[in-house]
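Engineer: Here it is: the structure, laid out below.
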Amino acid sequence: MAFSVVLHQVTFLLAVLSLRTSQSKVLGEPLQLTPEIHTVSLQSALQEANLEWTVPTFSHQELNIVFQIEISRMRTSNTIWVGNYSTTVKHEETVHWKWTSDIPLECATHFIRIRAMVDDAQYPPQSSWSNWSSWKEVNAQVSVPPDTLLIFPEDRLLEEGSNVTICLMIGQNLYNVSCKLQEEPIRGEQLDSHLSLIKLNNVVFLNNAGTNINCKAMNGTKNTFGTVLFVSKVLEEPKNFSCETRDFKTLNCLWEPGIDTTLSWHKQRSQHYTLYESFSGRREVSNHRNSHTWQITEDSQETYNFTLTAENNLRKRSVSISFNLTHRVHPKAPHDVTLKTVGATKAHMTWKVPSRGDYTLLCQVELQCEGEVIHEHNVSVHTSANYLFSDLEPDTEYKACVRCASANHFWKWSDWMQKKFRTPEAAPSEALDVWRDVRTENGRHVVTLFWKPLLKSQANGKIISYNIVVENEANPTESEQYSVRAPALGTNLSLDLHPYKIHISANNSAGASPESLVVLSSHSGHEEVHEKTIKGIKNGFNISWEPVSGDAIGYVVDWCAHSQTQRCDLQWKNVGPNITSTIITSDAFEPGVRYNFRIFERSVEENVRLVEKQRGYTQELAPSVNPGVTIHNLTPNSFSLKWQDYASDFQSGFIKGYLVYLKSKELQCNPNWERTVLSDKSVLCKYDVDDPETKTLTVENLRPESLYEFLVTPYTSAGQGPNETYTKVTTPDVRSHMLLQIILPMTLGVFLSIIVCYWKSQWVKEKCYPDIPNPYKSSILSLIKSKKNPHLIMNVKDCIPDVLEVINKAEGSKTQCVGSGKLHTEDVPTKPPLVPTEKDSSGPMPFVFLENFTYDQSAFDSGSHGFIPGPLKNTPHQLGLLAPPNKLQNVLENDYMKSLVESPTEETSLIYVSQLASPICGDKDSLVTNPPMPVHGSEYKKQMALPGSLTSASLKENNLTS
């Protein structure tokens, strides 16, 4: 039994050993697997050759074989490419392989052959190839007419950056062929007399219409031969590919497509995009370049794996994403948003969101004001929500915004839903910042009130007006109220010198602000304080002061923003109680402008008191103008200069003094004068008037009959005034100056004498030789009175008339007033008798005037009794009509006296002066038109005898006074 087992084992081992020995002999020999090429198909447009071959001697089921392929051009000995191709070959299987030529296949004949070698793990490595197959000729050439030039490839499509070889097949009658790429010349390689190759590397995209290649032969026709290269932009991979849902019914997939590769002439359409979902196996072509909508079915999965492929005629590009549907939720915007204001500071907001079962959204609420987010809050929402905004400003426009996103897996916020609203107005919350300016005019206070506009947060609405209540502290029950319409920021009041309290408040549609108080004392506007000079800093002033009292509750600093213009634009700054310095800055401050500051102290009673004045410049500048100068006291050796001052507020700096420049030919400077050289190299003398209050200077030690030039210019810490044109002055000579000193006083004396004589000539004439003396105006009468001689006064009873004259009154003439004041209107004859007749005695009689004459007593005493009356130019009744009653006596006296003066004094020694009583009737300036019945009567005036020594004097005095 044991022997049998051993025998079987030995037999098995011998059989295995025999099989291995047989296999070693077979595998050790090289396998002769010579390929056989069956067909070669060409695709000229792609410059591709597709080979098909088999291995006739292949008897195995499957082996991995390496094929070596050799390609020659134009002749078999001109090998242009050798390469290996490894593949698994099955029994009686046809092998396929594709080769792309670097030149168009139409340009040359190609030859292809193949050999093989087993490369399989079942066999030991082979050291030799099989035999070569027979050459397979690949010929796509076309015949070329003698006068034709063929260019290949024709209308080739390729990507930007590719390399391409252009083949020129030249007819036998053509030579010296030149080509251009667009307008640039290109050169090629001459393979033979009828074949040339032009290699273009890294071609660029020029335009969608393609790139032109044009060729022309020198000896040929004028025809141009060419082709077009359609260069496409490189197809890009889609970017930012993502998918999301807004309603769990559709998936919206978006991507960035990149550059469009469309070419003209339908050579290439725009790339198209395909979506493939691997779990469901669905494939859909998008109708858009950058988006696609994927429908979600009820039985769709929650996880998706998408591949997006972009494809054109030249290549494909793909990207993939995978996601869970609940993680890609992009909610729609909230809807039904409402806002209701609650008072002036609150607003209530409500909204709804799209609902899906128990799906929770997180909503973000924002409140914006003037484009800025002032409040933000998050709210969890299922279907609807609300929110209350508080601490809002009255009369302010707000914008409430809300958006939502998935609460569990945040992906994207929804679009904002916005709603604008405005809160209602409220009464102003702050009192006005008020200031005043007080001045005294004509015994009254002229008060100018100023206030600053409230900030928007303080006004709480549109300010409509300002209320002003003026309360007289002397009589509190008396108050006046004024209203100033907005947007005015001030007003003027005229008040007496009593103390007043002025209450000011701002009003809007909702109410009034707290009152601001201005207190005026009786001495407001009369404060006199010290004014000091300060130095400015950059863009402002550092102002400090000494406290006056210990009970100050604050200070106010005010100034004019435009001190050199009529518009002051008063500004002020409030300072706390324990602060005695502040920095005033303003963009309105300018160099070279003086600013005046006043510091006021506020008391507990709201009284303000001026404690200090300060003035200064942010930057002093040199004076821009020189003062006007006049010359005085010009002598041969000196003259005086006097210049004007100008307003300090218009100075560009603090005037420290004046420089006086003097030019002369001698160039010799007086003592205290400095010899200096100006920037224009001119040499002159300079004198420094270092007292700015001094406005005069006497220049001495000059030469007579010499020309001098001078200039007066002010200077500040920044420099002196402009170097303007000098004023010329010539000193007179000594003799002419002395002569002038003599002639001028004499001329002045003569001139004054002439004026005095002319002024007194009329007086001398009246005193020395009057035309008609007036005894009533003469001083002789006063002499007579002073003597009080009663015999010089003539009584009526002593007067015997020499002539009685009856004055007729024409019919219809005006009624005359007589001495008694009674009227007589009866007609009288044209020639009245000297005495009344009997016939007329019974009837009405005219009033009789009896003239009494003043006579010269000396003439009477001498015994000369002749009576020579002077001619009367005007009768009494004529004078009565032409002159008022109170003037009648003077008229008669003047005329009569004139007639006497004209008569020679030798012819008469007795001079009679008529003294006719003036009529008196009520109104002595007018005659009565309806007089009462006349009463007959006559009246004598007293007559007086004048001594002869006084007659002439009386006449002269009368003439002067008349």
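In case you wondered, yes, glycine gets a Cβ from its N, Cα and C as well.
Computed from a predicted structure; not experimentally measured.
Pulled the feature table from Swiss-Prot, pasting it below:
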- 29-738: topological domain 'Extracellular' (TOPO_DOM)
- N219: N-linked glycosylation site (CARBOHYD)
- C243-C253: disulfide bond (DISULFID)
- N324: N-linked glycosylation site (CARBOHYD)
- 333-426: domain 'Fibronectin type-III 2' (DOMAIN)
- 413-417: motif 'WSXWS motif' (MOTIF)
- 428-527: domain 'Fibronectin type-III 3' (DOMAIN)
- N492: N-linked glycosylation site (CARBOHYD)
- 528-621: domain 'Fibronectin type-III 4' (DOMAIN)
- N578: N-linked glycosylation site (CARBOHYD)
- N723: N-linked glycosylation site (CARBOHYD)
- 739-759: transmembrane segment (TRANSMEM)
- 768-776: motif 'Box 1 motif' (MOTIF)
Engineer: Can you tell me which parts of the same chain pack against the transmembrane segment (739-759), counting only residues 6+ beyond its ends and a CB-CB cutoff under 8 A?
Structural biologist: 732
Engineer: Roughly how many angstrom lie between the C-alpha atoms of N723 (N-linked glycosylation site) and N219 (N-linked glycosylation site)?
Structural biologist: 89
Engineer: Reported in the order helix, strand, coil, what are the DSSP residue counts of the domain 'Fibronectin type-III 2' (333-426)?
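Structural biologist: Counts, helix then strand then coil: 0 helix, 56 strand, 38 coil.
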Engineer: Given C243 (disulfide bond) and N578 (N-linked glycosylation site), what distance in Å do their CA atoms have, once rounded to a whole number?
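Structural biologist: Each residue's Cα considered, C243 (disulfide bond) and N578 (N-linked glycosylation site) end up 69 Å apart.
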Engineer: How far is it from N492 (N-linked glycosylation site) to N219 (N-linked glycosylation site), counting Cα to Cα, in Å?
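Structural biologist: N492 (N-linked glycosylation site) to N219 (N-linked glycosylation site), Cα-Cα distance: 106 Å.
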Engineer: Give the distance between the Cα atoms of C253 (disulfide bond) and N324 (N-linked glycosylation site), rounded to the nearest whole Å.
Structural biologist: 14
Engineer: Using the alpha carbons only, what distance in Å do you get between N219 (N-linked glycosylation site) and N324 (N-linked glycosylation site) once rounded?
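Structural biologist: N219 (N-linked glycosylation site) to N324 (N-linked glycosylation site), Cα-Cα distance: 73 Å.
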Engineer: Name the secondary structure element type, per DSSP in three states, that contains N723 (N-linked glycosylation site).
Structural biologist: coil
Engineer: If you draw a 10 Å sphere around the Cβ of N219 (N-linked glycosylation site), how many other Cβ atoms fall inside it, taking every protein chain shown into account?
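Structural biologist: Summing over all protein chains shown, N219 (N-linked glycosylation site) has 10 other Cβ atoms within 10 Å.
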Engineer: Pick from N324, N492, N578, N723: which of these glycosylation sites has the biggest number of other Cβ atoms within 10 Å of its Cβ?
Structural biologist: N723
Engineer: Cα-Cα, whole number of Å: N324 (N-linked glycosylation site) versus N578 (N-linked glycosylation site)?
Structural biologist: 71
